[in-house]
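**Student:** This is the structure I have questions about; it appears just below.
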Amino acid sequence: MSDADRLITPEKRGEDIDTTLRPQSLDDFTGQAEARANLKVFIEAAKNRGEALDHVLFVGPPGLGKTTLAQIMAKELGVNFKSTSGPVIAKAGDLAALLTNLEERDVLFIDEIHRLNPAVEEILYPAMEDFQLDLIIGEGPAARSVKIDLSKFTLVAATTRLGLLTTPLRDRFGIPVRLAFYTVDELELIVRRGARLMGLNMTDGGAREIARRARGTPRIAGRLLRRVRDFAEVARAEAVTREIADEALTRLLVDNMGLDQLDMRYLTMIAVNFGGGPVGIETIAAGLSEPRDAIEDIIEPYMIQQGFIQRTPRGRILTATAWKHLGLQPPKDLEAAQFRLTLEDD
């Protein structure tokens, strides 16, 4: 099973694009309290000065609301919102077309900016810093440089991998914002709101059960809510109770920690095949037949946040929490081995 086929992948799928469930303001947005509070200040200050907001960089795992926050920012600034992604901007001309069509103080959102073509990135530097495009027209001896003035705009970019951004690009963002996984309480509020907008009767236990298995990710919470609704409707249930949510998600092979078959294969392979580790990421990728990027960006962030694995210079190792979840007996010297690897990491 590839990551794209998983119910709990945080990557965007067509069914996730339901604008009616998205919050429309920062006050309506649940979670990320510190980031929201700071963004409110920056937005209000920019509006009071009548200036474009400084460029913003959102950093964090997929599905935490980076696109939604960018849309809300444009709405609260009272400006137009245009959206694209790094892989889509293949040539300098593609970027030039986007930038020259922006009006004063507009917001341009670029998702996956770490996947931007290096040649395009070079064009972006003067656009962000001086609001100018410096293009080369023609070829050979007839080539000439043309400068095009741009409207003062705000670039809002998102990345799941800050380390892949070049230093010159990273330094041009005046407002870096790191987004964290959501708590179960925050996700419960999100599930309740989604159920209310769907006209779905939801008990406290039902909302809590869905939130517990959503891997700290609102996008996954919304997807699980829709699937649980299907089970509840077919069962002609008057409300989504904890029992109905538990039965539905168990049948969908999402366990009580939000792990699915691929997650369990990941943990089991390290435990059984490699004695709990350490094992390198390339070996894990080969064993799972999954791309390295998918493992590092999709599977491991939640595993680390939940304390299932540790990353060390020698590879991944399972923690006592992971062994307990698998129902397997950990090695007798597990704590000592982990301590030694931690010292090596330092």
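Glycine is treated like the rest: Cβ placed from N, Cα and C.
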**Student:** Do you know which of Arg215, Arg219, Arg223, Arg226 Swiss-Prot groups with Leu21, Arg22, Gly63, Lys66, Thr67, Thr68, Glu129, Asp130, Phe131, Arg172, Tyr182 in the ATP site?
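**Tutor:** Record check against Swiss-Prot: ATP site with Leu21, Arg22, Gly63, Lys66, Thr67, Thr68, Glu129, Asp130, Phe131, Arg172, Tyr182, extra candidate from Arg215, Arg219, Arg223, Arg226 is Arg219.
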**Student:** Which Cβ among the binding-site residues (Arg292, Arg311, Arg316) has the fewest C-beta neighbours inside 10 Å?
**Tutor:** Arg292
**Student:** When the number of other CB atoms within 10 A of each residue's CB is tallied over all shown chains, which of the binding-site residues Phe131, Tyr182 has the maximum?
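**Tutor:** The largest 10 Å Cβ neighbour count belongs to Tyr182.
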**Student:** Among residues Arg292, Arg311, Arg316 annotated as binding DNA, what is the maximum Cα-Cα distance? Answer in Å.
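**Tutor:** Between the outermost Cα atoms of Arg292, Arg311, Arg316, the distance is 14 Å.
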**Student:** Would you say which of the binding-site residues Gly63, Glu129 has the most Cβ atoms within 10 Å of its own Cβ?
**Tutor:** Gly63
**Student:** Under DSSP, is Thr67 (ATP binding site) part of a helix or a strand, or is it coil?
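**Tutor:** DSSP assigns Thr67 (ATP binding site) to helix.
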**Student:** Mean pLDDT, the region 'Small ATPAse domain (RuvB-S)' (183-253)?
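**Tutor:** Across the residues of the region 'Small ATPAse domain (RuvB-S)' (183-253) the model's pLDDT averages 95 on the 0 to 100 scale.
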